[in-house]
Amino acid sequence: MKTPDPTTTSCYHCGEETDGRTLRSDGKTFCCQGCQSVYEILRSNELCSYYTYNAAPGKNRQSSEIPAYLADARIAATLLDYQDDHLSKVTFFVPGIHCSSCIWLLEGLHRLNPGILHSRTDFLKREVKISFDHRVVNLKEVADTLAAVGYPPLINLQDVVRENHSKTDDTLVRKIAVAGFCVGNVMLFSFPEYFGLSPFEGNLKVLFSYLNLALSIPVVFYCGRDFFTSALAGIRQAKMNLDAPLALIISTLFLRTLFEVVFQTGPGFADTLTGLVFLLLMGRYTRQRSYRHLSFNRDYRSYFPLAVTTINEGAERVTAVSDLQTGDRIRIRSGELVPADALLLQGAACLDMSFVTGESAPVTRSSGTVIYAGARQTAGPIELEILKPVQLSYLMSLWNDAGEPANGKSRSFNDRIAAAFSLVVVTLAVGAAAFWYAAGDQAKAWSAFTAVIIVACPCVLALSTPFTLSAVLSVFDKWGFYLKNTDAAEQLANCNEVVFDKTGTLTTSKGRRVNFSMSLTMGERQLLTALAACSLHPVSRQLCREAAFLKLIPVEDYKEVPGRGISGTVAGHQVCIGNADWVFGADDQSAGTHLLIDGAYKGSFSFSADWREGIAKLAAALAETAGIHVLSGDTAKDRQTLKKILPPGTRMRFGASPHAKLDYIASLQQAGRKVIMLGDGLNDAGALRQSDFGIAVTEDVNAFSPGCHAIMKADALAYLPRFAGLASDAMRIIKWSFVISSLYNCLGLYFAVQGTLYPLVAAVLMPLSTLTIVIFTSTAVRICAAKRRLSL
Amino acid sequence: MNILYFLVGCSLFMALVFLLAFFWASKTGQHEDTCTPAIRMLLDDELKKTDEDQVQD
């Protein structure tokens, strides 16, 4: 058991260096008030085992304010999973979960708060399911309990509209179970037939064949139903898909088995039938394979609050964001998001518009102007009047404007080949039947017709794509690249344009590096950071983030004038940060943000973009096969730097609004290009959705990223050319497996056209060809991955 | 060979029981989270009064 030695200067709770300034409690050191108070809470509740499972388990400790609107019963009800007269159940997303201590503590919440009855953690999803007695505690108090021990839940609008994926997944698993059950038993009952039964055992033969028939009924009508519905839907839309020939084969197999068993003319094909359906369902399952802890369908709701404060005849109340009506008056406090397009009525708005425009510098607005949804207020409280409901606001129209998700647009290789395949099979079958009919052997005509259809089964074709692509997906996820599904891998292979967002994609998500014009001592930086920590202005927050390792000192006489600057007394020093006008008094218009400590000028500072490493190499590698574009919501200030980094011929566009980004992608697509879009924020969401393959680049894959086809860890960005290369290798592998499966089909056809297909041949050919393909695809993908230096 | 009829019935019945057991497991969500239970079993359920002493050792 590892426990940190209390004499060292690292924090007992979070393990951070305490930097000399220590808080002590029970002979343990703490880096800050926050860590200490969590410890006090745990100690008073005898929950100190928390510290025994891991050293410094609080290293992900977060502190954030739980929104007050959770106390409102109507708002809380939208978040609850279940409620009866005394019991409520809720699922919270807790980003701080990272180790076994977290699980232990979160599952012991009932010791901290008697109103909490039970809690269960899902480690991968970072979720906690909590049952509580709502007569004792309300939802806000439950969330506060979590926040008090350093695990504040993240609450946003998307939680209310929870998608239910698990249900469809479950039925497929159940179908596979039924099919597996049937195929196993059918195999057992078919063996006697293969090995030959003596004449005394005629009764057994009849019994087994009827049992086989009985077992294939649920396989066809329950497990195989999807193939029929999908084939019918395809035919109705005059688009042949791979399910059409599969449905034809399943029904042929079943009808022939039915006839043979009822009229006792043969053993039937129950084994081939059940085996086929089982394998096909396995293929579907592989195709649906997804990362249960990642979400690819997020939209603006993940970023928006659940409720806002509305003012009705002078009285404040809480209203759910979705209930906001045109004409409602709302009050937005510092740090809150404007949830819908609104007219500014009162107060000085200093807005961070990075969600809407991607431009990070704040803008000031005076009353009477329209403020778009997604703007974040950074100064004092403001009052606004709603102009449009949330769903109709400017930013949300991104989701209405973007075309159908790209997956629906292009048909996969399988579907394209299915039509040709079906035609050939039907022609061959009719031809064989006609030949035997002309030769006067009606029984053989019927058996040749059905046998051709059975043997030409595109089973392997239906399996090779999901198996190959899922092998590719597992290579990708080892390297920090998570695809939404296997279909997405096929899209990736076809792309020939790459569009980058600038901020957060080409630059690190921190975005900027601070440059001081005069060198400062550590002590001076500390004073600045302490002052900047009081403000929500983006520049101040940036300054704080840069100096995250510095500990905070209390500030007195804090003063903030939006749009000008901040000042205050820190540890006895008078500190002043702001524009020239604020720092030197009037008349001075020199640019930049200036510093003044105890009346002495300490120069100015500015931020420069912090480019990701290896961008130049990445772009050069991509430029070999695709066109490179940069779309930025920012001003053109980085154009010259980018020109130096990126290969010649790169097209750049600055000052692009989210809609302009979307239109840019759409215009490329209209020119017949397939587009990969890499972005990170809400302002790229429309473009990500419109593109043929949208990649959300993120430092933390569990953090919220906008809806996309794939989520990529930022440090995997450099491997993008290899990923794309492997995806196109995979398409080649799929084509090769089609050739292999055709060889098997030809072998089977040799027996089939002669009308002498014995069930045993069919029953052996099918699993054999499937096995070949599974081995072939997985080895081939491994070899290709190793060649592209992406080995597992 | 009449015993075969009985045995066939038995084997089908047994297989059905397993199938239903699988359904039950999947319906009660036992396949939903396969990661956390593995960690949970390593943690102590009961709280010891001597937690503090252990920490100081």
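FYI, residue positions are counted from 1 along the chain as it appears here.
Including glycine, each Cβ sits where the backbone N, Cα and C put it.
No curator has checked TrEMBL annotations; they are predicted automatically.
Positions annotated as domain 'HMA' by TrEMBL: A:88-154.
Through the fold, the transmembrane segment (A:176-195) approaches residues 201, 204-205, 208-209, 211-212, 215-216, 218-219, 222-223, 267, 270-271, 274-275, 277-278, 281-282, 285, 759-760, 763 of its own chain, all at least 6 residues removed from its boundaries and within a Cβ separation under 8 Å. Residues annotated as transmembrane segment in TrEMBL: A:176-195 (among others).
Here the transmembrane segment (A:207-228) has long-range neighbours at 175-176, 178-179, 182-183, 185-186, 189-190, 192-193, 243, 246-247, 250-251, 254, 257-258, 260-261, 264, 267-268, 270-271, 273-274, 277-278, 280-281, 284, meaning same-chain residues at least 6 beyond its ends whose C-beta is under 8 angstroms from one of its own. If you look up TrEMBL, you'll see A:207-228 (among others) marked as transmembrane segment.
What TrEMBL records for A:240-259 (among others) is transmembrane segment.
Residues 172, 175-176, 179-180, 182-183, 186-187, 190, 193, 209, 212-213, 215-216, 219-220, 223-224, 227, 246, 249-250, 253-254, 256-259, 454, 457, 459, 462-463, 465-467, 759, 762-763, 766-767, 770 of the same chain lie 6 or more positions beyond the ends of the transmembrane segment (A:265-283) yet place their CB under 8 Å from a CB of it. Taken from TrEMBL, the feature transmembrane segment applies to A:265-283 (among others).
Annotated transmembrane segment per TrEMBL: A:417-439 (among others), in sequence order.
Here TrEMBL flags A:445-476 (among others) as transmembrane segment. Beyond the ends of the transmembrane segment (A:445-476), by six or more residues, the same chain brings 242, 245-246, 248-249, 252-253, 255-256, 269, 272, 276, 279-280, 282-284, 286-287, 289, 412-414, 417-418, 421, 424-426, 428-430, 432-437, 482-483, 486-487, 489-490, 723, 726-727, 730, 733-734, 737-738, 740-741, 744-745, 748-749, 751-755, 757, 762, 765-766, 769-770, 773-774, 777-778, 780-782, 785, 790, 792 to within a C-beta distance below 8 angstroms of the stretch.
TrEMBL lists A:733-753 (among others) with the feature transmembrane segment.
Residues annotated as transmembrane segment in TrEMBL: A:759-785 (among others).
When averaged over the domain 'HMA' (A:88-154), pLDDT in the model lands at 87.
Comparison of A:240-259, A:417-439, A:759-785 by number of C-beta pairs under 8 angstroms to the transmembrane segment (A:733-753) places A:759-785 first.
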